[in-house]
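Chemist: Attaching a single structure in structure tokens format; questions to follow.
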């Protein structure tokens, strides 16, 4: 049976953590002396009180976290965090509609970055900061953070870790899961700090630099400006953001290797090779087409715009410096396809993940070989090791379910009256945790016009995408609830 | 402490779990991915798929920064090779499992040390030793000797006929003028209790006493156990343990060994001197009767099959054998076997694990033993100069709740402790500890 009490206990603990981050935003609001400060205090109080009660009521619960509990906890945490995380937006009337507030919060935590806000600059600093920090928390993962700071979760931590960290087989940096989580968060914090300094030095205000660093490292894409990064017409700032988006979309295990001085590990990593190669190749193509078609006038601009958009979409960040929908039509299609690729396994990016796509393509290619040599043993190799058939099957199932969900969701969107472009764009961007889509939800517009039902539905897609489908979908399968 | 375990077999897996629960950083290497995945999902450790004798794989496990390297792959050669490589790559202490008695001889110790293997363990040998000890005294579930038997831990099943049953520890203490033993733990329905004065002995409790050889008689009387000397022993199964046990026993007892495999029987008959080797199926009651099972004082079942061992012991008990010993390798059966009244349970994994455990404790420890029927451990600490444990009488010190101090050996003399006992530096102190208490008590001694 499901150990409900331990689930509630963990929820309680984590709500207290969320409350603490609200207090941090309250400090920012207080610093700017704006009207939203009391609302942060109220929200924090609600979080900490609810969390405290759950915690105290269940602190004697048996601390056994099995597979079931792991999946339930991870999914629940993300839902609960979004429901409580919307309080500052909703209470302060920064976002008066409950549905909108939930959509904005879920889009934040899942690092999607799709917004319903029409005038971002009008919002107080506290709210903008909260918008960025929820992305930052969601980027590396709420569970990973809690594993790093709450020793209580030591038992069964592996179950939770596997359910949250993206990629088919999560890497460990240290024998103990808590230490792995600490290292991951350590790297994450260091990167965020470095980027903040660079952006600040590049001419952003400190506040904007912090917020943008939060959302870059999380591959989230919330900006403090309505025009997104296009607001900053500085090549330096844009290149800094390109680099950090790229790093955030790579496997953090590789960053750890780099920090430890083991560079060999990086250039031997197959996924990284494909990731880098793919980004460079597509950017080069886009740059050439952009320049030749006359969409931009200088070579540097063509390179910068193409790199920025390509990296932003493939890492599922979703910042915009240009509207790819007004580019040459082929490029819009290329951009759309990038939405499905996603970052690397073990990164903060969403999407299907480079590793899965490589395994899928290799397997498909070997299938041809297998037709000619029916008795040959042809393993799919990755990182010069044979991938077990279990992992291959898992990858195939993942992609099939992913595409199935995209297909069905498109129909649901079209029922609400959207055309093909908008339907597929909205669905692909939400399940891939990217941000901007196509058509009426493209980079130049937002999701404000989507009906309430559509917002709830898209929020759900974001959650499914962030937790890599199985974790959430499993809860809806009869196998999960059967004893 | 960073511990690398090479080989995820039975012993390796068990040690890994134990070390994990004791909060060590554990890395487990094995070439079987399937097996590792299972362990990885349930325990907080890192697994690496690779060969235990590959330099590349050992480097990947970061062997240069490990404090303890435990080589327990299936083959002895691999085990020694792996330990040597690990040592040369920078592991601080290496332990290798072997199954050749020669290697253990004192004159070879230095040779292996030079090669890079600091310690050798031979689980079968340790198991045989334990079986031998258990036959010395009957009515005992488990017996552990400390400092050459100056202090002894007895695990005794308390039955309705015991004079102490339904009495509290305090009442039992009043029965005698002198305190000759300490009750350090009670295992009741699968749970281990660290008893205080108000705890009552109940029927079917497995009680652990610490006593001296002089006090042993009183322990036996109080728990209602009759003493008799074992003369005739029947061993079922010519496994490595079976052979070792026969070798150790044959000079002192009349030993019969039953082995089902003909070739193996021939070989055993060749090596064993006075043991009578019988080729046949030990599950066959007629055969057992023919071989005089009714006259046997002890029956030791050590086939490779835990189920057979448990059932054969049951059968032997029914035929009137008073002391039964069964090797039970399946951990889940231990509780069960304990409850159906098999005298002594032997588990290679636990024996090897407790032997290895000693190397992970920071304080000076001269002896560690895991109990078969309980998750608790008994440790013999050496009190260091200026350590916390020497700073007052035991009743004044704040001892952790999950720990019980049983006895002290001071310059060769055994003392059964009371609240008034003061521990002085260099005392050897026998402590009974639950896993949660080991770290705490360890700190008090260092």
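Counting begins at 1 with the first residue displayed.
In case you wondered, yes, glycine gets a Cβ from its N, Cα and C as well.
Okay, so TrEMBL annotates it like this:
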type     : residues                                 : note
TRANSMEM : A:39-58                                  : transmembrane segment
TRANSMEM : A:70-91                                  : transmembrane segment
BINDING  : A:111, A:112, A:220, A:316, A:317, A:433 : K(+) binding site
TRANSMEM : A:133-163                                : transmembrane segment
TRANSMEM : A:184-207                                : transmembrane segment
TRANSMEM : A:236-260                                : transmembrane segment
TRANSMEM : A:272-292                                : transmembrane segment
TRANSMEM : A:324-346                                : transmembrane segment
TRANSMEM : A:391-413                                : transmembrane segment
TRANSMEM : A:456-481                                : transmembrane segment
Chemist: Using a Cβ cut-off under 8 Å and a sequence separation of 6 or more, which residues in the same chain sit near residue A:111 (K(+) binding site)?
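Modeler: Sequence-distant Cβ neighbours: A:135, A:138, A:139, A:215, A:218, A:219, A:220, A:221, A:316, A:348, A:350, A:433, A:466.
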Chemist: Given the transmembrane segment (A:324-346), which of the listed stretches A:39-58, A:184-207, A:272-292, A:391-413, A:456-481 has the most Cβ pairs that are under 8 Å apart from it?
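Modeler: It is A:272-292, which has the most Cβ pairs under 8 Å.
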Chemist: Which chain neighbours of the K(+) site, leaving out A:111, A:112, A:220, A:316, A:317, A:433, have a Cβ atom within 8 Å of the mean position of the site's Cβ atoms?
Modeler: A:110, A:113, A:135, A:139, A:218, A:219, A:221, A:318, A:348, A:349, A:350, A:434, A:435
Chemist: Within 10 angstroms of the C-beta of residue A:220 (K(+) binding site), what count of other C-beta atoms is obtained when all protein chains are considered?
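Modeler: So the Cβ neighbour count for residue A:220 (K(+) binding site) comes to 34.
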Chemist: Can you tell me which of A:70-91, A:133-163, A:184-207, A:236-260, A:391-413 gets the most C-beta pairs within less than 8 Å of the transmembrane segment (A:456-481)?
Modeler: A:70-91
Chemist: Counting only residues 6+ away in sequence within the same chain, which have a CB under 8 Å from the CB of residue A:317 (K(+) binding site)?
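Modeler: Correct list: A:113, A:215, A:216, A:219, A:220, A:221, A:245, A:248, A:249, A:311, A:349, A:434, A:435.
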Chemist: Taking the Cβ of residue A:112 (K(+) binding site) as the centre, count every other Cβ atom within 10 Å, in any protein chain shown.
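Modeler: Taking every protein chain into account, the count is 34.
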Chemist: Give me the stretch from A:70-91, A:184-207, A:391-413 with the greatest number of Cβ pairs under 8 Å to the transmembrane segment (A:236-260).
Modeler: A:184-207
Chemist: For the transmembrane segment (A:391-413), could you work out the same-chain residues 6 or more beyond its ends whose Cβ comes under 8 Å from its Cβ atoms?
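Modeler: Contacts with the transmembrane segment (A:391-413): 168-169, 352, 356, 359-360, 363, 380, 420, 422-424, 426-428, 431, 454, 457, 461, 464, 468-470, 473.
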Chemist: Taking residues 6+ outside the transmembrane segment (A:184-207), which of them lie with a CB under 8 Å of any CB in it?
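Modeler: Contacts of the transmembrane segment (A:184-207) (Cβ under 8 Å, skipping residues fewer than 6 from its ends): 125, 128-129, 136, 139-140, 144-145, 148, 173, 213-214, 216-217, 224, 232, 234, 236-237, 240-241, 244, 247-248, 252, 255-256, 259, 348.
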Chemist: What's the number of neighbouring CB atoms sitting within 10 A of the CB on residue A:433 (K(+) binding site)?
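Modeler: Residue A:433 (K(+) binding site) is surrounded by 35 other Cβ atoms within 10 Å.
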